[in-house]
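Please read the structure below before turning to the comments.
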């Protein structure tokens, strides 16, 4: 029985090894695994429940009716599929088209691209005009070379970051603001991103194969990232916010450029009767381009525009319209520059009568000044009154349409006065510039108290009638002078009572005790020696008895 089980065990091990080896060989040789497949002939409209898509499959498979059955081999024979503007709402079933290379689904009502996620052979994908909003399902389709996502309601192009073989990309008519995920698409040759919300072209700076950029109707103001693109042939930039076209001056292959109808809005400046504004419009050489028209009777003397205004207005403006020449082409460059004006008001900062001021536009935040300092006080904030009033919040409170004064307010500080009597400490809390309360004069045997000083020895005596608390903690030290005779009223103090020869006088001792004379200090020595000898003899005697 035991041998039988051993044989079975060996057989199982052998089968497992063979299966494992087969799996390794299969995977190592790169055999393609189908994403999904049907196992038996099935009606087209069962596999593809959307009627419009089923009809497109019928045509692609060469069938006469959507109820006809197809096999997986039939589906594998479909390499391109078109369902243009037919009202497709779902692409369920497309996951079985394992050899699909080209897919056109323009102008439908598709919202979910999940069935596409494993169709890795697709090279051309046309999805424009669908309310997709999210295209994360195509993030892994690295074979795609042409992708059209025009008017698909997408805002995030992050799923496109890994499509490294992408050569042609349409992103027009979407609310896209950030194109940073495109920075790694180094094979990109054609990019169309018109009518979006793009303002920064920096992610394109390293796309050296880019030949065509269509970016009309955006919010682009800086085109300097395009200066590093040597193969750029065609650039469309009309209806943007571009004021300086000099970055394109040295682009040697540039033949087609559109730069008309730029709308430039400068940062607001304060209104002045005599307003001077620099001209921001620059041509290919970097030199200013003279205005074509100037509002409000303004004048131009390069590089500045000047207006003499009699009263406040919200803005002034000027237009430009001039042909500019690049290496291979001359094109019109036109637009309008608007200079917003802010009516200026004065915010005065008052620190105990000393004033500074800043000019601030109405409804703008006031920049908080450096907190003032005042000896003996703590700054509590800026208020709209000298005392009381409301504290100004520089994070939220905005300048009214009038001049204002803000007052620095302070609270007086309290400090600690420490009284030190030979290391024994007591304290008082005293407000700045107030008088200290004089403690009770301390006493010390044999000494006379002389006062409180600002040092342990020496120093300056504190005058409690006039000395005021400084802006800091202080320590005052009790100082004393030693008395010459600690008890001058006692005639017996320090009076000797002996006979004059070093011996005591019994009659003056007040008792019968005899005090030792000068030679009696060693009278205990004989007693000690006697006790020692007695103890030694006793010890010797005890040892002698034990021996016997």
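Placed from the backbone N, Cα and C atoms, the Cβ positions cover glycine too.
Looking at the stretches 470-474, 475-479, 515-519, the one that Swiss-Prot records under the feature motif 'LPXTG sorting signal' is 515-519. Checking the ranges 402-440, 480-518 against Swiss-Prot, the region 'Disordered' annotation falls on 480-518. Against the repeat 'LRR 2' (113-127), stretch 135-149 shows more Cβ pairs under 8 Å than any other of 135-149, 157-171, 179-193, 223-236. For the repeat 'LRR 3' (135-149), the number of residues in each DSSP class (helix H, G, I; strand E, B; coil) is 3 helix, 3 strand, 9 coil.
Distant neighbours of the repeat 'LRR 6' (201-215): 172, 179-183, 185-194, 222-223, 225-226, 228-237, 240, 253; these residues of the same chain sit at least 6 beyond its ends, with a Cβ under 8 Å from one of its Cβ atoms.
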